Amino acid sequence: MDYKDTLLLPNTTFAMRANLAELEPKRFDKWFENNYAYEKMKQKRQGVSESFTLHDGPPYANGHLHIGHALNKILKDIIIKMHYFQGKKVRFTPGWDCHGLPIEQQVEVKLKDKKQNLSKKQIRELCREHAREFVNIQRDEFKSLGVIADWDEPYLTMKNAFEADIYKALCKIAKKGLLLERSKPVFWSWAAKSALAEAEVEYEEKEDYSIYVAFNLDEASCKKLGVENAKAVIWTTTPWTLPANQAISLNPNEKYIITKEGYIFAKALLENMINKNFTQGEIQKELLGSEFENLSAINPLNQRKSTLILGEHVLMDGGTGLVHTAPGHGEDDYYACLKYNIEVIMPVDDGGYYDETLRAKGLLPEHLLAEFIGLHIFKANERILELLGEALLESSKFTHSYPFCWRTHKPVIYRATKQWFILMDEKKLDGKSLRELALEQLNSVKFYPESGVKRLSSMIENRPDWCISRQRDWGVPIAFFRDKKSQEVIFDDDVLDHLVGIFEKNGADAWWDLEIKDLLPPNSKYNPNNLEKVYDILDVWFDSGSTWEAVLNSARYDAGEYQASMYLEGSDQHRGWFQSSLLISTAINHKTPYKNILTHGFTVDEKGQKMSKSKGNVVLPQNVAKNYGVEILRLWIMLSDYSTDLKISDNILKQVSEQYRKIRNTIRFLLANTNDIEFVETKNFTLLDKWILMRAKIAFEICENAFEKYEFSKGFSVLLNFLSADLSGIYLDICKDRLYCNAKDDSKRVSAQSAMVLIARKLFALLAPSLTYTIDEALEHANVAIKENAKDVFDLLNKQGFEYEYKIEDELFIKSREKFFEIIDGLKKDKIIKSTLELSLQTSANELLSEDLEEIADWFMVSVVESIDEQKALAEFKIDNIGFKIVKSSLNKCPRCWKFLAKEDGCLCPRCNGVEKAKNV
């Protein structure tokens, strides 16, 4: 007789194959229809006091999403959901950075030469259209990743009210005396024709000249030094800046020597100079650097005076100890010359070409002006080397790390121009500087990983004043009026507040569209004819750094609280958004805009190399979704240590898919074997059920603690190990007999099912933030015992901890089972047995014999566990001097359960016989 139909076999409609790529979009559509999921998450937590606000760092509204975008938004989604499922009120308003050079450049590429014929208003409208287009594209792409957010009400930095809030933040900083316009060298992108902030500069390898040039000291200076002739030898890597040389800097505290040949070097670097054959090394005179102050040298290019000055920035780690100083082309140069009231000369225009300043200031001889004016600086190096003649002691090329514009990818220069700066060291904030207060406030912020605080603090400690002005069209204007005559900037409250109102209504375009008289408040005391507009725009980092003000600190968005619970971005944002947000918030409100900062690394290929189209190693999130499913991308994030760079490739995604398959199969087994449970036991568990509940509690608590610290890969590693080693590897296997063969309401069967239900509930709650799709799907197929009152995943609540606590000394259990199956592998290989059910396990272990022997037999998956007798053994082993003996069962195989417990061949064992008889009663 075939007893298969008499068994309670597992049954579930939850599919084994996930078919993610096809089915995910359908479920996502349901989540996003009428903003269902996000609105439900808000509604479910109405009246809850504990909240979590993750403030979204805005990506650029330009281009399609790459894998880094996916990593960032999915990680945010997981963390927000983790707090939601813990019972907190959560808010996540996504946003976009809509201004700035990347968008303007894309518009220029489309326009080509037509740009010259367009007004600023027309250019700005085209930029707005471009940004709007990519906001919609990226929003759809983010939604296709299953990220839950307030997609119907995102924040856009180009909205009228938003531009007004950005400008309002600028005005607040100006009123505190922290804003200053001055001429100073700043990073300048000649390719973009604009100033850059530090955060907009990236470093790449660049080949440059390394040259040593001798400047003859004038006769009066030589006389003061008591020598017939002397030459100050400088080293530079920027020959093109030599026409603008105004000084030569020396370290006041270092010793300098004049060699027999008349060359001046730092004594500490003399050996290097000998190695270069500049000198034989014979010293004519030795002096301190301070003794050279205010002497004069002659620039060999133009015969202009170059003053010898002192500066602490002169180091002894290379060169000659004498530094070519052009105050228009370097920050150290600028500050050194400032002390001596030396003029800042800037002979380079905004496109990187020499201009008429060469003629006006006599920076090159008359006969060379036609050749150099209009020449790009980087094309001038070789010609300048020729013109130096004998003054050029050495010229060579070398490769070094050099600043490049982050958007044009062209090398930048230092160029002195009139710019607007937020001052870092003016003590205007309750007697403290912005630098001091920002560093002080950072102490209240928790960083993940902890090393982030040192990184951000170091950047704040060492950063210069923040250059916030840009010479472009697409951005929020630095909308100030200047008196034409006095050049004084008007910081009048009535004027500034009136402009805020205009921007709220009409947007910042009004600054270009309206005449001055229409921008002033009614009955203004200022005569519009005496005023002119400042036409610079704000650095986009000021835009994004003000988002806390416009989004969290205004009533315009239901976006959560200021200060935000968390800012979460890539590690590059220490120098970008984290820093700009900190400075603006501290300047205005004397506190940080965030309580926690979490950073993640960058995505690289499986070899750790940066992704690029040329290498063919780019992984697109759209392709991952199409080929594997978004759930695989989410699981990849959970399994990766995101505090460092994250490796991703097809091979890695295949491995993640295999892990997902195991998780899904475990869920399926739990659903299939609890489909008919009607009563959940919470107290009277069998030994094996207590054991799995104990192991579950340990794993769940470690996992939960790791998740609380956002150490997802650590937590997931423990969770997956529990699922594969304990739950699937042991427990679910050993439970099959009682689940399939015992009576439906048998206490042992109900005990096992109940343990599975309790584990499934907690497992689903732990997985819901990361594998939201899978858990939502699983709940549709789950018995009410598992899902309780949940209609979908957004009804779940993850209660802290796991209340089912049991203490079982399982060391002997584990060790003996491992050894037993090690021996069984050999017995099966040698074809001595086909199944462990053919066996009895004999032991002298009281620890095992004192328990329910049916349970212990299930633990080893044998038919009987008993005391050791004289029966012949197939194998023997010892664990901690406790004997175990494997013998063939003396009973017969039960045709229903296959255990060797039947007294006669072909007959049912007592258990199966009882179950079948009960059905017929």
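Including glycine, each Cβ sits where the backbone N, Cα and C put it.
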Among 290-294, 330-334, 610-614, 825-829, find the range that Swiss-Prot records as motif ''KMSKS' region'.
610-614
Select from 59-69, 301-311, 312-322, 862-872 the stretch of residues annotated by Swiss-Prot as motif ''HIGH' region'.
59-69
Could you pull out which residues elsewhere in the chain have a CB under 8 Å from any CB of the motif ''HIGH' region' (59-69), counting only those six or more residues past its ends?
96-98, 100, 102-103, 106, 130-132, 134-135, 137-138, 141-142, 156, 570, 602-603, 611, 618-622, 624, 648
Can you see whether DSSP assigns Cys912 (Zn(2+) binding site) to helix, strand or coil?
helix
Please list, in sequence order, every residue of the chain apart from Cys894, Cys897, Cys909, Cys912 whose Cβ lies within 8 Å of the Cβ centroid of the Zn(2+) site.
Cys741, Pro895, Arg896, Trp898, Lys899, Leu901, Ala902, Leu908, Pro910, Arg911, Asn913
How does the model score the motif ''HIGH' region' (59-69) in terms of mean pLDDT?
92
Sorry to bug you, but what's the C-alpha spacing from Glu569 (L-isoleucyl-5'-AMP binding site) to Cys894 (Zn(2+) binding site), rounded to the closest Å?
62
Count the other Cβ atoms sitting within 10 Å of the Cβ of Lys613 (ATP binding site), across every protein chain shown.
7
When a 10 Å sphere is centred on the Cβ of Cys912 (Zn(2+) binding site), how many other Cβ atoms does it contain?
23
10 Å Cβ neighbour count around Cys909 (Zn(2+) binding site)?
23
Within the motif ''KMSKS' region' (610-614), residues counted as helix, strand or coil by DSSP:
0 helix, 1 strand, 4 coil
